Ligand SMILES: [Fe+2]
(Lines of atoms letter the chains of each structure in order from A and count residues from 1; the text may use other names and numbers.)
(Lines give C-alpha, C1' and ligand atoms only; values in the text may rest on other atoms or scores of the structure.)
Protein backbone atom coordinates (compact mmCIF):
# COMPACT_ATOMS: atom_id res chain seq x y z
CA UNK A 1 0.00 0.00 0.00
CA UNK A 2 1.17 3.50 -0.77
CA UNK A 3 2.02 6.03 1.93
CA UNK A 4 1.60 8.79 -0.67
CA UNK A 5 -1.45 10.73 -1.77
CA UNK A 6 -1.62 12.96 -4.81
CA UNK A 7 -2.01 16.62 -3.97
CA UNK A 8 -5.08 18.41 -5.29
CA UNK A 9 -4.79 20.19 -8.64
CA UNK A 10 -6.95 23.27 -9.03
CA UNK A 11 -8.92 24.15 -12.17
CA UNK A 12 -5.98 26.19 -13.44
CA UNK A 13 -3.73 23.08 -13.34
CA UNK A 14 -1.83 24.31 -10.28
CA UNK A 15 -0.66 22.33 -7.24
CA UNK A 16 0.17 24.08 -3.99
CA UNK A 17 3.60 22.58 -3.42
CA UNK A 18 4.98 23.18 0.08
CA UNK A 19 8.37 24.82 0.56
CA UNK A 20 9.78 21.43 1.65
CA UNK A 21 8.49 19.87 -1.58
CA UNK A 22 10.07 22.68 -3.59
CA UNK A 23 13.38 21.90 -1.89
CA UNK A 24 13.04 18.18 -2.60
CA UNK A 25 12.45 18.97 -6.29
CA UNK A 26 15.43 21.35 -6.32
CA UNK A 27 17.72 18.72 -4.79
CA UNK A 28 16.48 15.93 -7.09
CA UNK A 29 16.97 18.04 -10.21
CA UNK A 30 20.36 19.44 -9.23
CA UNK A 31 21.65 15.91 -8.59
CA UNK A 32 20.26 14.45 -11.79
CA UNK A 33 20.75 17.24 -14.31
CA UNK A 34 24.53 16.97 -14.73
CA UNK A 35 24.27 13.16 -14.96
CA UNK A 36 21.76 13.21 -17.82
CA UNK A 37 23.51 15.97 -19.77
CA UNK A 38 26.20 13.53 -20.89
CA UNK A 39 24.06 10.39 -20.97
CA UNK A 40 20.56 11.13 -22.23
CA UNK A 41 19.77 10.91 -25.96
CA UNK A 42 19.58 14.11 -28.02
CA UNK A 43 15.78 13.91 -28.30
CA UNK A 44 15.45 13.90 -24.51
CA UNK A 45 17.85 16.81 -24.09
CA UNK A 46 16.01 18.81 -26.77
CA UNK A 47 12.73 18.14 -24.93
CA UNK A 48 14.21 19.17 -21.61
CA UNK A 49 15.28 22.45 -23.15
CA UNK A 50 11.77 23.05 -24.47
CA UNK A 51 10.20 22.24 -21.10
CA UNK A 52 12.57 24.63 -19.33
CA UNK A 53 11.71 23.06 -15.96
CA UNK A 54 12.23 25.26 -12.90
CA UNK A 55 15.30 24.37 -10.84
CA UNK A 56 14.32 25.87 -7.51
CA UNK A 57 10.67 24.79 -7.16
CA UNK A 58 8.41 21.96 -8.25
CA UNK A 59 6.96 22.63 -11.72
CA UNK A 60 3.30 23.25 -12.49
CA UNK A 61 1.35 20.99 -14.84
CA UNK A 62 -0.14 23.95 -16.67
CA UNK A 63 3.35 25.06 -17.81
CA UNK A 64 4.34 21.57 -18.93
CA UNK A 65 1.08 21.13 -20.81
CA UNK A 66 1.60 24.34 -22.74
CA UNK A 67 4.89 23.00 -24.13
CA UNK A 68 3.62 19.47 -24.78
CA UNK A 69 0.50 20.76 -26.53
CA UNK A 70 2.53 22.71 -29.02
CA UNK A 71 5.13 19.98 -29.59
CA UNK A 72 3.00 16.85 -29.99
CA UNK A 73 -0.51 17.53 -28.69
CA UNK A 74 0.14 15.46 -25.56
CA UNK A 75 -1.02 16.51 -22.10
CA UNK A 76 -0.13 15.49 -18.59
CA UNK A 77 -3.18 14.21 -16.70
CA UNK A 78 -3.11 14.42 -12.90
CA UNK A 79 -4.22 11.15 -11.26
CA UNK A 80 -4.33 9.60 -7.77
CA UNK A 81 -1.21 7.64 -6.78
CA UNK A 82 -2.40 4.43 -8.40
CA UNK A 83 -4.69 3.84 -11.38
CA UNK A 84 -5.82 0.61 -13.00
CA UNK A 85 -4.73 -0.70 -16.40
CA UNK A 86 -8.03 0.21 -18.09
CA UNK A 87 -7.59 3.86 -17.16
CA UNK A 88 -3.85 3.84 -17.90
CA UNK A 89 -4.23 2.54 -21.45
CA UNK A 90 -7.27 4.73 -22.17
CA UNK A 91 -5.34 7.85 -21.13
CA UNK A 92 -2.32 7.01 -23.30
CA UNK A 93 -4.58 6.28 -26.26
CA UNK A 94 -6.01 9.77 -25.75
CA UNK A 95 -2.50 11.34 -25.66
CA UNK A 96 -2.74 11.95 -21.92
CA UNK A 97 0.16 10.95 -19.74
CA UNK A 98 -0.95 10.03 -16.19
CA UNK A 99 1.03 11.78 -13.47
CA UNK A 100 0.53 11.40 -9.73
CA UNK A 101 0.98 14.76 -8.01
CA UNK A 102 3.09 13.75 -5.02
CA UNK A 103 6.81 13.99 -4.40
CA UNK A 104 8.86 11.40 -2.57
CA UNK A 105 9.80 12.08 1.04
CA UNK A 106 13.38 12.80 2.16
CA UNK A 107 13.48 9.28 3.62
CA UNK A 108 12.99 7.83 0.14
CA UNK A 109 15.07 10.40 -1.68
CA UNK A 110 17.32 7.87 -3.43
CA UNK A 111 14.88 5.16 -4.19
CA UNK A 112 11.17 4.52 -4.21
CA UNK A 113 9.17 1.95 -6.13
CA UNK A 114 6.19 4.18 -6.82
CA UNK A 115 6.37 6.64 -9.70
CA UNK A 116 6.32 10.11 -8.14
CA UNK A 117 6.04 13.55 -9.74
CA UNK A 118 9.80 13.79 -10.27
CA UNK A 119 9.92 10.45 -12.09
CA UNK A 120 6.97 11.31 -14.32
CA UNK A 121 7.96 14.88 -15.14
CA UNK A 122 11.74 14.76 -15.23
CA UNK A 123 11.88 11.16 -16.46
CA UNK A 124 9.14 11.09 -19.08
CA UNK A 125 7.90 14.48 -20.23
CA UNK A 126 10.95 15.51 -22.25
CA UNK A 127 10.55 12.49 -24.54
CA UNK A 128 6.85 13.29 -24.99
CA UNK A 129 7.89 16.39 -26.94
CA UNK A 130 9.33 14.05 -29.60
CA UNK A 131 6.77 13.16 -32.30
CA UNK A 132 8.10 9.63 -32.92
CA UNK A 133 8.21 8.72 -29.27
CA UNK A 134 4.78 10.31 -28.78
CA UNK A 135 3.30 8.30 -31.65
CA UNK A 136 4.68 5.07 -30.24
CA UNK A 137 3.31 5.82 -26.77
CA UNK A 138 -0.14 6.58 -28.13
CA UNK A 139 -0.15 3.39 -30.21
CA UNK A 140 0.84 1.44 -27.12
CA UNK A 141 -2.20 2.87 -25.33
CA UNK A 142 -4.53 1.99 -28.21
CA UNK A 143 -3.25 -1.60 -28.33
CA UNK A 144 -3.42 -1.99 -24.56
CA UNK A 145 -6.94 -0.58 -24.39
CA UNK A 146 -8.15 -3.35 -26.70
CA UNK A 147 -5.98 -6.18 -25.34
CA UNK A 148 -6.94 -9.03 -23.01
CA UNK A 149 -5.48 -9.19 -19.50
CA UNK A 150 -2.95 -11.80 -20.59
CA UNK A 151 -1.94 -9.83 -23.68
CA UNK A 152 -1.50 -6.75 -21.47
CA UNK A 153 1.08 -8.58 -19.37
CA UNK A 154 3.13 -9.13 -22.52
CA UNK A 155 2.59 -5.58 -23.75
CA UNK A 156 3.75 -4.27 -20.37
CA UNK A 157 7.22 -5.69 -21.11
CA UNK A 158 7.39 -3.63 -24.28
CA UNK A 159 6.63 -0.47 -22.29
CA UNK A 160 9.09 -1.47 -19.56
CA UNK A 161 12.02 -2.01 -21.92
CA UNK A 162 11.32 1.12 -23.99
CA UNK A 163 9.53 4.00 -22.25
CA UNK A 164 10.90 3.07 -18.81
CA UNK A 165 14.28 1.43 -19.38
CA UNK A 166 15.18 1.95 -23.03
CA UNK A 167 18.62 2.72 -24.45
CA UNK A 168 19.33 4.03 -27.95
CA UNK A 169 22.35 4.18 -30.28
CA UNK A 170 23.65 7.62 -31.17
CA UNK A 171 26.59 7.35 -33.55
CA UNK A 172 29.18 5.21 -31.76
CA UNK A 173 27.65 5.86 -28.37
CA UNK A 174 24.78 4.41 -26.37
CA UNK A 175 22.42 6.88 -24.76
CA UNK A 176 19.39 6.72 -22.47
CA UNK A 177 15.78 7.59 -23.30
CA UNK A 178 13.92 5.50 -20.67
CA UNK A 179 12.35 7.60 -17.91
CA UNK A 180 12.89 4.93 -15.26
CA UNK A 181 16.63 5.30 -15.80
CA UNK A 182 16.72 9.06 -16.32
CA UNK A 183 14.97 9.75 -13.01
CA UNK A 184 17.37 7.49 -11.05
CA UNK A 185 20.98 8.61 -10.44
CA UNK A 186 22.15 5.09 -9.60
CA UNK A 187 20.62 3.50 -12.67
CA UNK A 188 21.73 6.34 -14.99
CA UNK A 189 25.33 5.37 -14.24
CA UNK A 190 24.72 1.62 -14.03
CA UNK A 191 22.72 1.30 -17.27
CA UNK A 192 25.47 2.82 -19.41
CA UNK A 193 28.69 2.14 -17.54
CA UNK A 194 28.43 -0.98 -15.39
CA UNK A 195 30.04 -4.04 -16.98
CA UNK A 196 27.53 -6.27 -15.18
CA UNK A 197 24.61 -4.87 -17.14
CA UNK A 198 23.89 -6.48 -20.52
CA UNK A 199 23.10 -4.16 -23.43
CA UNK A 200 21.66 -5.99 -26.41
CA UNK A 201 20.14 -4.90 -29.70
CA UNK A 202 16.40 -4.36 -29.50
CA UNK A 203 14.43 -7.32 -30.76
CA UNK A 204 10.66 -7.20 -30.35
CA UNK A 205 10.25 -10.94 -29.90
CA UNK A 206 12.92 -11.08 -27.17
CA UNK A 207 11.61 -7.97 -25.40
CA UNK A 208 8.06 -9.33 -25.19
CA UNK A 209 9.37 -12.56 -23.66
CA UNK A 210 11.81 -11.07 -21.14
CA UNK A 211 10.67 -11.07 -17.50
CA UNK A 212 11.55 -8.12 -15.31
CA UNK A 213 11.52 -7.05 -11.70
CA UNK A 214 10.60 -3.55 -10.62
CA UNK A 215 12.71 -3.50 -7.44
CA UNK A 216 16.23 -4.11 -8.79
CA UNK A 217 18.58 -2.56 -11.34
CA UNK A 218 17.79 -4.20 -14.67
CA UNK A 219 20.18 -7.02 -15.60
CA UNK A 220 19.53 -6.37 -19.31
CA UNK A 221 18.75 -3.33 -21.44
CA UNK A 222 17.57 -3.25 -25.06
CA UNK A 223 19.19 -0.75 -27.42
CA UNK A 224 17.25 0.82 -30.30
CA UNK A 225 18.92 1.86 -33.58
CA UNK A 226 17.45 5.32 -33.12
CA UNK A 227 14.27 6.91 -31.77
CA UNK A 228 12.71 6.50 -35.24
CA UNK A 229 12.87 2.76 -34.47
CA UNK A 230 9.97 3.38 -32.04
CA UNK A 231 7.96 5.00 -34.79
CA UNK A 232 8.55 1.97 -37.01
CA UNK A 233 7.43 -0.29 -34.17
CA UNK A 234 4.21 1.69 -33.83
CA UNK A 235 3.43 0.95 -37.49
CA UNK A 236 4.00 -2.80 -37.13
CA UNK A 237 1.39 -5.39 -36.24
CA UNK A 238 2.54 -5.54 -32.63
CA UNK A 239 -0.35 -7.76 -31.51
CA UNK A 240 0.86 -10.39 -33.97
CA UNK A 241 4.19 -10.36 -32.11
CA UNK A 242 2.39 -10.46 -28.76
CA UNK A 243 0.55 -13.60 -29.86
CA UNK A 244 3.80 -15.18 -31.08
CA UNK A 245 5.51 -14.33 -27.80
CA UNK A 246 2.59 -15.78 -25.83
CA UNK A 247 2.86 -19.10 -27.63
CA UNK A 248 6.67 -19.15 -27.25
CA UNK A 249 6.45 -18.30 -23.51
CA UNK A 250 8.80 -16.40 -21.23
CA UNK A 251 12.58 -16.57 -21.43
CA UNK A 252 14.40 -17.71 -18.29
CA UNK A 253 14.87 -14.74 -15.91
CA UNK A 254 18.37 -13.26 -15.51
CA UNK A 255 17.67 -12.46 -11.85
CA UNK A 256 17.02 -14.42 -8.69
CA UNK A 257 13.35 -14.83 -7.87
CA UNK A 258 12.16 -12.27 -5.39
CA UNK A 259 12.34 -13.57 -1.84
CA UNK A 260 8.97 -13.68 -0.17
CA UNK A 261 8.91 -13.22 3.55
CA UNK A 262 6.23 -15.50 4.99
CA UNK A 263 6.90 -14.52 8.59
FE1 LIG B 1 7.36 5.72 -15.55
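Using N, Cα and C of the backbone, Cβ positions are placed for all residues, glycine too.
Note that the structure is a prediction, hence the values are computed from the model and not measured.
As annotated by TrEMBL, Fe cation binding site applies to 119, 124, 164. The feature domain 'Biopterin-dependent aromatic amino acid hydroxylase family profile' is assigned by TrEMBL to 1-263.
Mapped onto this structure are the features recorded in TrEMBL.
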residue	record	contacts (Cβ under 8 Å, 6+ apart)
119	Fe cation binding site	179, 180, 183
124	Fe cation binding site	97, 163, 179
164	Fe cation binding site	178, 179, 180, 181
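Other residues of the chain with a Cβ within 8 Å of the Cβ centroid of 119, 124, 164, the Fe cation site, are 115, 120, 123, 163, 178, 179, 180, 182, 183. In the three-state DSSP reading, residue 124 (Fe cation binding site) counts as helix.
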